[in-house]
Amino acid sequence: MSKSKEERLLDKAADRVISQKEREEEKEAEEFAEIIQKCKNPSFPKRGEIIEVKVVQTTKEGILLDIGAKSEGFMPWDEFNGNKEEALPSGKTLKVYVLPKSQGNHILLSKKEADYRLEWTKFEEAFKYSKPIVVRVEKMVRGGFLARLDSLDAFLPASHISLTRRENLKKFIGEKISVRVIELNKKSRNIVLSRKILLLEETYLFTSGERSKEVISCLSR
């Protein structure tokens, strides 16, 4: 029994849909194979790395970046960690983090995550070696202050900003101060600072020095 004209048209439409779907699947498979092949290249960036890249061009959606190995990566604007209107000329160098995903045949990159990880390293070193670190006091928050190093925020309790609570604490807002990192939790991204500990250390060193001078003076009489 021959098919009607309408049935033949429906069959052709179905064939076109199937053909289009097959072409799309082939394209996706080719893109995936291309990414896999690139990943086998030792010079191709690995996910989780911080790499140096160059701006190729900016688009409405984000920034195309030269990642080497004759390849380009893509960074959406919400991963830029800066002013979208900031001048980003072709060839400008940026440090970015390689995200564990891709978009089409581009690996995705993040300046926001790279900045965070690089700045976190500064806090880690200060915490590990008990070194002072300079931060800017941004504003008062519940229980203390929000302090910042570059673009990374930390908490400075009100009880740890001065030796006495009688001071006008608002005067510290906008100031750069030296602090000690007293708590650091990478999982929760929590950082707690203390200026008071540094002040106590300085006071102790000063009084110890004065006592030493007195002892030396007595012995030399």
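Counting begins at 1 with the first residue displayed.
The backbone N, Cα and C atoms fix where each Cβ goes, and this holds for glycine too.
TrEMBL labels come from automatic prediction, so no person has curated them.
The annotation region 'Disordered' is assigned in TrEMBL to 1-26. The feature domain 'S1 motif' is assigned by TrEMBL to 48-112, 130-196.
Per-residue pLDDT, averaged over the domain 'S1 motif' (48-112), rounds to 87. For the domain 'S1 motif' (130-196), the DSSP-based tally of helix, strand and coil residues reads 8 helix, 36 strand, 23 coil.
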